[in-house]
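Working notes, beginning with the structure itself.
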Amino acid sequence: MKRIFLLIATNMAILLVASIVMSILGVNTSTMGGLLVFAAIFGFGGAFISLAISKWMAKKTMGCEVITTPRDNTERWLVETVARQAEQAGIKMPEVAIYQSPELNAFATGPSKDNSLVAVSSGLLYGMSQDEIEGVLAHEVSHVANGDMVTLTLIQGVVNTFVIFAARVVAGIINNFVSSNDEEGEGLGMFAYMGVVFVLDMLFGILASMIVAYFSRIREFKADEGGARLASKEKMIAALDRLRQGPETGAMPAQMAAFGINGKKSMAEMMMSHPPLEKRIAALRAS
């Protein structure tokens, strides 16, 4: 309920601020409501469609093999560990899968707490100790228990709405300015206007990515804390330390990467979906 209230309040705030700014700039606000509805439909529509098909998409893009019947003791232990942690966290047992990759990584995805998937790479499953893997699994189960998939989808929907709305409002201001200084009053013209909107979509999109990445980093710290409760602080730290010593992870689709245990490094930390492993380890030790 709080999450939905925050969502509505944020969108109302966007509309209010935009209306005030448009009034100050002398822009006709009679169509602002329609534009916001348009932006929200496409902004949230894309985010929620992505969430709804997240499990299916993960299985297809990552080549995940869901474990229905364990083939060996390692797979049996993996399923039993996830089942135990899910019970501790009070959620329905997620599907458990393995995807073939030499990297040390894992991720959680799914539209809800009771309809989720936890997947680990073959490199992680056969390259880390059971204590380290237990820490990784606890982190992913915590993502599911915390409702992070839905939370970040709502945040993504808000920023998508902002990007679509703001880009077209600013393009409208530019068009009106050009029109007022044009003897024929024609403005930018359709193709030039579309070009301006495209550039603004890109610029605002970068800002939006930074906002989503910021909230993603916060959720990573929370998932680490939850992982420490489910497995133990020592196992969680051991898992992160092992990841820190390993090679940088390879490419993973953005939606899965946001809930992976190990994110890609970036020159600018503000663009990273995961905090640096050193900071995560330090936060756990200080807790």
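Each Cβ is built from the backbone N, Cα and C atoms, and glycine gets one as well.
Quantities reported herein were computed from a predicted structural model and do not represent experimental measurements.
If you look up Swiss-Prot, you'll see 4-24 (among others) marked as transmembrane segment, on the strength of sequence analysis.
Annotation source Swiss-Prot lists transmembrane segment at 33-53 (among others).
For the recorded site, His139 (Zn(2+) binding site), the DSSP three-state label reads helix. Swiss-Prot lists His139, His143, Glu220 with the feature Zn(2+) binding site, giving sequence analysis as the kind of evidence.
The active site annotation in Swiss-Prot covers Glu140 and rests on sequence analysis. When other Cβ atoms within 10 Å of the Cβ of Glu140 (active site) are tallied across all protein chains shown, the result is 27.
According to Swiss-Prot, the transmembrane segment annotation covers 154-174 (among others), on the basis of sequence analysis.
Counting residues 6+ beyond its ends, the transmembrane segment (195-215) has Cβ neighbours under 8 Å at 151-152, 155-156, 159-160, 162-164, 166-168, 170-171, 174-175, 188, 270-273 in the same chain. Feature annotation from Swiss-Prot assigns transmembrane segment to 195-215 (among others); the stated evidence is sequence analysis.
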DSSP-derived class (H/G/I helix, E/B strand, else coil) of Glu220 (Zn(2+) binding site): helix
Surrounding CB atoms that lie within 10 Å of the CB of His139 (Zn(2+) binding site), all protein chains: 30
Among His143, Glu220, the most crowded of the binding-site residues [Cβ within 10 Å]: His143
